[in-house]
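Visitor: Got these off Swiss-Prot a minute ago, pasting:
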{"type": "TRANSMEM", "residues": "39-59", "note": "transmembrane segment"}
{"type": "TRANSMEM", "residues": "63-83", "note": "transmembrane segment"}
{"type": "TRANSMEM", "residues": "115-135", "note": "transmembrane segment"}
{"type": "TRANSMEM", "residues": "137-157", "note": "transmembrane segment"}
{"type": "TRANSMEM", "residues": "166-186", "note": "transmembrane segment"}
{"type": "TRANSMEM", "residues": "192-212", "note": "transmembrane segment"}
{"type": "TRANSMEM", "residues": "239-259", "note": "transmembrane segment"}
{"type": "TRANSMEM", "residues": "260-280", "note": "transmembrane segment"}
{"type": "TRANSMEM", "residues": "302-322", "note": "transmembrane segment"}
């Protein structure tokens, strides 16, 4: 370990939420509905689905069947909801320590841990059956594999043990584009993997900027996020590195798209690079920083790229010839 890092205070966070005290069930239907909605984390799902539609449009070289799009989005929502609900069960012990997550349903005991576990498993099984029936077996298998990876590899292993947790664990968040592509074509082609890579490189700057803001929260919970174990200048430098990788990676889609996507990818990439470099410069000078601003603007950046890709694909603009 280099001098850029320091140790994290140890804390026992290995107990599961299933062993938590009996929950106080929500009393009203509206309260119960809100609690279960909180388990699936709708805002996270919304971002994932935004990346699915452009992948399907590019795979179809135009506009695919509306029914296929709806079916894939429904299945993807169920799969993401399953992963998020199971994540809430596994992380209930650290959620109750962190100020940012203390309002979650299992922490407030509006849903029992057992019911949340059953809910998550049911959503996962439902997503498999739904995607198999409405799209194809490959999409269904990829969805279940994503759930298992997110829960057992990221949540239970990587998140609590390594500062690189979000780098490798974030691969689960990249899968909706692959599932969407497979839903249209029945296979996984190179453009799907390129889109996977865009989100893979986007995830660290997005998450580390949030973790910079809530560093004390993560440290209190014993989660070794990079901003917890590394110096701020090292973290901001890594954000710059991954931002460059992300922007350059977006250009790999140029041969499979038209001028509209390429122009927006370059412009949006240049804008986000300026933001990342500005954060790093402020960190190096010891000036006050606003990492949460970068976090929110990273969502804007991804939205711009995805919308440009969707419009470009829907209009079937000239293709330079991607080998697939």
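Our numbering is plain: 1 for the first residue shown, then up by one each step along the chain.
Just so you know, glycine gets a Cβ as well, placed from its N, Cα and C.
Remember, it's a predicted structure, so these values are computed and weren't measured experimentally.
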Visitor: Hey, which of 39-59, 63-83, 137-157, 239-259, 260-280 has the most Cβ-Cβ pairs under 8 Å against the transmembrane segment (192-212)?
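Guide: So the stretch in question is 239-259.
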Visitor: Take the transmembrane segment (239-259) and find every residue of the same chain, 6 or more past its ends, with a Cβ under 8 Å from one of its Cβ atoms.
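Guide: Distal contacts: 58, 191, 194-195, 197-198, 201-202, 204-205, 208-209, 265-266, 269-270, 272-273, 276-277, 279-280, 294, 305, 309, 312-313, 315, 317-322, 324.
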Visitor: Are there residues at least six beyond either end of the transmembrane segment (137-157) with Cβ under 8 Å to its Cβ atoms? List them, or say none.
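Guide: 72, 75-76, 79, 82-83, 86-87, 90-91, 124, 127-131, 165, 168-172, 175, 178-179, 182-183, 186-188.
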Visitor: Taking a Cβ cut-off under 8 Å, which residues six or more beyond the ends of the transmembrane segment (39-59) line up next to it in the same chain?
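Guide: Result: 68-69, 72-73, 76-77, 80-82, 84-85, 88, 104-106, 111, 116, 119-120, 123, 173, 176-181, 183-185, 189, 191-192, 195, 199, 256-257, 299, 302-303, 306-307, 309-310, 313-314.
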